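Student: Per TrEMBL, the feature domain 'Major facilitator superfamily (MFS) profile' maps to 1-568. If you look up TrEMBL, you'll see 387-442 marked as domain 'Kazal-like'. Per TrEMBL, transmembrane segment is recorded for 41-62, 69-90, 138-163, 175-203, 223-247, 277-296, 316-337, 349-369.
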Amino acid sequence: QFFVFCHGLLQLSQLLVSGYLKSSISTIERRYGLSSQTSGLLASFNEVGNTLLIVFISYFGSRVHRPRFIGCGAILVSLAGFLMSLPHFITGPYEYDQSVASTFSNTTDLCQPGVPGSRGNLSDAGCTPHAARENHEVLLVMFVAQALLGIGGVPIQPFGISYIDDFASERNSPLYLGILFSVTVIGPGVAFMLGSAMLRFYVDIDKVTGDGVQLTNKDPRWVGAWWLGFLVAASLVAVSAVPYFFFPQEMPKEQIKRVTRYGDFPVVLLRNLRHPVYLLVVLAQVNLSAMVAGLATFMGKFLERQFSLTASLANMIIGAVNIPGAMVGIVVGGAILKRFQMSLRQCSAMCVLGMFLCLLVAFPLLFLGCPTQKVAGITYSESSEFGHHALECNLQCNCPEKAYNPICGSNSIEYISPCSAGCRVVNTNADNNSVLNYANCSCISKNGLEGFAKPGTCGTGCSHLFLPFVVLSCLAGILASTSHTPSFMLILRSIQPEDKSFAVGIQFMLLRVLAWMPGPVLYGSAIDTTCIFWEKKCDRKAACRYYDNNLFRQRYLGLQFFFEVGAF
């Protein structure tokens, strides 16, 4: 029982490390200028190390000192967690506006007619070879950390489960495994809550003093302390690793069980893959897993963009609403199975029904959203021709190309920077030097008078649709996850008993290779195609500043549908 407790703790903290990355992915994109394709690849990269080793490990499971192997794996996972936060410590502080030189002054972003050309070159100040190399180092460190995370995670689950199953009595084993299984479902929820808590702090909380931070967490340039969560999670893993080095290789069994011997590897493999029920169910699970992988990785980013939420709030919703919803679905599915003692045919009927209802509930989600807000020169132009930021009203301002400091005009149109709106005056709050508004803006005219603007984005004006979206998506999640347990039963009952553990191993392997690895990359690439304005860093595309929100919603949720229909 102590082993079960330790293993639950370890699995929880391991999932914190891997789940936390997904909760802070939009923040890391913004901080290091990554496209969603790159961040999707990063998120799925831990599966690479994992997949290469998982089959061998499962095969050699009974011959090694399992607890010690688990302990070593846990130490690797902990190391990976600390490595993930390393980029924060090897790069300089976050510069959120390249048009602003090292000293901050409120006037640099304003329209300054008399200064021709002197400001365009400022934008390339951060473009030394050193800066480009720094960015490569950051990506290298993170990809190595993700690979390590995958490798370290290999022994943890299979060895833990087989160790418990070997030394627990037939009667208690399902209970223990049920406890562990529920922990693996709770884990990601806790990870998103951790993300929600950490992203409220400013990223350079350790490098700058409180009054040096000019941003609030509602600002689109805000970057939260993404690295803090990795330190917390990695420390937890390190602590939970310790007891494993003191467990024996074998325990006195609660009750004698027969031990299955692994048969001839290829024979068993072919026997399972030729089994039609097994193959079809696994393919359905591949479709569902690909959907979940994309959902988990980019749902936060989707909510941030569609409903103008902070990263912190988006994580809160996912961790407190969507993931618990899926847990409820899994439990309900299992309870129905148990109550009605279902046959295989009834199991598959239940899966089909769950998916069908899920599709019905999820269909309206495609229409719950708003277009991107009007952004001058990007999604909106007063004159017919569509010049990029070159509005006639700010031609005399000599705006730095890369300025990004969005403001919302009194005409409800967003401008990329005070300069691009032709604002000449900034009014600040005397107490804390924060910007109250920008005035005398030549591009913002209201009734023939020059208008003013508030700092920050106008937002999508979609907040009224947020609640129905959350309710429907939670319902859809509950319905889809009711098919989780019956689909497992279909697999376990349709194959020969002695092939059970091996068949589950192959199943997880196929899910990884066909769903968890390509899923996030596919979603990330689809999201990138909907970008309408990229941040430029050293003449390469960095992170996306503005998406076409309707396209983003249609392609992101359209992919979900595609996979869901595939599973159906």
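Positions of Cβ are set from backbone N, Cα and C atoms, glycine also.
Nobody curates TrEMBL annotations by hand; they come from automatic prediction.
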Student: Hey, does the transmembrane segment (223-247) touch the transmembrane segment (69-90), meaning at least 3 C-beta pairs closer than 8 angstroms, sequence gap 6 or more?
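Tutor: The answer is yes, given that the two segments have at least 3 Cβ pairs within the 8 Å cut-off.
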Student: Please tell me whether the transmembrane segment (316-337) and the transmembrane segment (223-247) touch - that is, whether there are at least 3 C-beta pairs under 8 Å between them, with each pair 6 or more apart in sequence.
Tutor: no
Student: Please report, as numbers and ranges, the same-chain residues at least 6 past the borders of the transmembrane segment (223-247) whose CB is under 8 Å from any CB of it.
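Tutor: For the transmembrane segment (223-247), the nonlocal Cβ contacts are 2-3, 6, 9-10, 12-14, 16-17, 20, 23-24, 27-28, 30-31, 67-68, 70-71, 74-75, 77-82, 84-85, 87-89, 94, 96, 191, 194-195, 197-203, 205, 217, 311-312.
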Student: DSSP helix, strand and coil counts for the domain 'Kazal-like' (387-442)?
Tutor: 6 helix, 19 strand, 31 coil
Student: Could you pull out which residues elsewhere in the chain have a CB under 8 Å from any CB of the transmembrane segment (138-163), counting only those six or more residues past its ends?
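Tutor: Here the qualifying positions are 3, 7, 10-11, 14, 17-18, 21, 32, 34, 38, 42-43, 45-54, 57-58, 61-62, 66-67, 69-70, 72-81, 83-84, 86-87, 90-91, 177, 180, 501, 505.
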Student: Quick test of the contact rule: Cβ under 8 Å, at least six residues beyond the ends. What residues does that give for the transmembrane segment (349-369)?
Tutor: 284, 306, 333, 336-337, 342, 460, 462, 465, 468-469, 472-473, 475-476, 479-483, 486-487, 490, 549-550, 553-554, 557-558, 560-561, 564-565, 567-568
